[in-house]
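Enquirer: Before we start, here is the structure in question, set down as structure tokens.
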Amino acid sequence: MQTKNILDFEYSDLQSYLLNELGLEKFRTDQICDWIYKKRVFDFESMTNLSKDDRQKLSDNFKISIPHIVKKEVSKIDGTTKYLLELEDKNTVEAVIIYYPSRTIACISTQVGCPLKCSFCSTGQSGYVRNLSTGEIIGQLLAMEKDKEMDVKNVVYMGMGEPLLNFNNVVQTIEILNHPKMKKLGARHITISTAGIPQKIEEVGDLNKEFRLSVSLHAPTNLQRDQIMPINHKYPVEQVIQSCRIYQKKTKKRVTFEYILIKGFNDSKEDALKLVELFGDLKVMVNLIPVNENPAGFEKPSKRFIQAFLDTLVKNGIDAVVRAEKGSDISAACGQLRTRELKEANR
């Protein structure tokens, strides 16, 4: 009998299966979820408040498939921890634990590789293999939590891949993260990042959930964005912004935009003013990210240019910050996942 990964199941579907297919009482669902998501116990035999018969039924029908930690690197600068995780089919993904003074964040992947091939991002250079299953996405968080012996209260879908191209599985993982009997994370502590898939951004608005949306913009014009983000040929800047307006009208929530600053390319005061004009009356927050080491050889602007860009946005009524760099010494910063793996493979 082929067993199913229990991490693929939302609460209601799991309860229904346990009740109708295995004959387990309803309250057993809560006990099983507590063992997996709260206590991080990943074998049924250790679930001691279940009867031996129930444990056998679970083992016969389910597996708890957690990615194997192949490699772990810890930043000597800030403690950021990057994991190389192996899936059952031997494909690998990377995920990261990031520490801030007020919170700890798990950055998780949604695809093996990425099809978008943004020129400043290492993940896209490794090619695209497939979407991750619901259980494979959730499993990254559980593997890191067990290794760190801690509960992570903030999750960002900013690892490898484009989350909105794996829409159904990503939404299902959010239900699992948010459910009070499963991970019980507050929806506002969950952020989906996207390179800008207009139809899917609007669908996120239709969900009417409290999780946050972050859009990777990185340039104020199509001429610039075309050069660094091939997806812009299909979904130009204006279309992305319009979908964000529709999202905001539906949800009443502010949209966060990620903007990588590249020396001599998109870092001038004129670029900042074009950004202000592009946003118009859209309520936004802009995270400015000085570009990290990347396959295209792009360089960071000087601190003076970064500050001038920030000041121009703020003076024109745009909420903006320069995002603190984390994990750059272990290639765990924005756009760097899979960098070292690629370098080692090419030696």
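Including glycine, each Cβ sits where the backbone N, Cα and C put it.
Take a look at what Swiss-Prot says about it:
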- E94: active site, proton acceptor (ACT_SITE)
- 100-319: domain 'Radical SAM core' (DOMAIN)
- C107-C334: disulfide bond (DISULFID)
- C114, C118, C121: [4Fe-4S] cluster binding site (BINDING)
- G161, E162, S193, S216, L217, H218, N292: S-adenosyl-L-methionine binding site (BINDING)
- C334: active site, S-methylcysteine intermediate (ACT_SITE)
Enquirer: Counting across all protein chains present, how many other Cβ atoms fall within 10 Å of the Cβ of S193 (S-adenosyl-L-methionine binding site)?
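Expert: If we count other Cβ atoms within 10 Å of S193 (S-adenosyl-L-methionine binding site), we arrive at 21.
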Enquirer: Sort S216 (S-adenosyl-L-methionine binding site) into helix, strand or coil using the DSSP assignment.
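Expert: Its secondary structure by DSSP: strand.
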Enquirer: Using C-alpha atoms, which one of the recorded positions C107, C114, C118 comes nearest to H218 (S-adenosyl-L-methionine binding site)?
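Expert: Comparing Cα positions, the closest of these recorded positions turns out to be C118.
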Enquirer: Select the closest residue to E162 (S-adenosyl-L-methionine binding site) from the following recorded positions, measuring between CA atoms: C107, C114, C118, C121.
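Expert: Of all the candidates listed, C114 is nearest in space.
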Enquirer: Going by Cα-Cα distance, which of the recorded positions (C107, C114, C121) sits nearest to G161 (S-adenosyl-L-methionine binding site)?
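Expert: Minimum Cα distance from G161 (S-adenosyl-L-methionine binding site) across C107, C114, C121 lands on C114.
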Enquirer: Measuring CA to CA, name the entry from the recorded positions E94, C107, S216, L217, N292 that ends up nearest C114 ([4Fe-4S] cluster binding site).
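Expert: That would be E94, nearest by Cα distance.
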Enquirer: Which of these recorded positions is closest to S193 (S-adenosyl-L-methionine binding site) if you go by CA atoms: E94, C107, C118, C121?
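Expert: Result for S193 (S-adenosyl-L-methionine binding site): the nearest of the recorded positions is C107.
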Enquirer: If you average the pLDDT over the domain 'Radical SAM core' (100-319), what number do you get?
Expert: 95
Enquirer: In the structure shown, with every protein chain counted, which of the binding-site residues S216, N292 has the densest set of Cβ atoms within 10 angstroms of its Cβ?
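Expert: Answer by Cβ density within 10 Å: S216.
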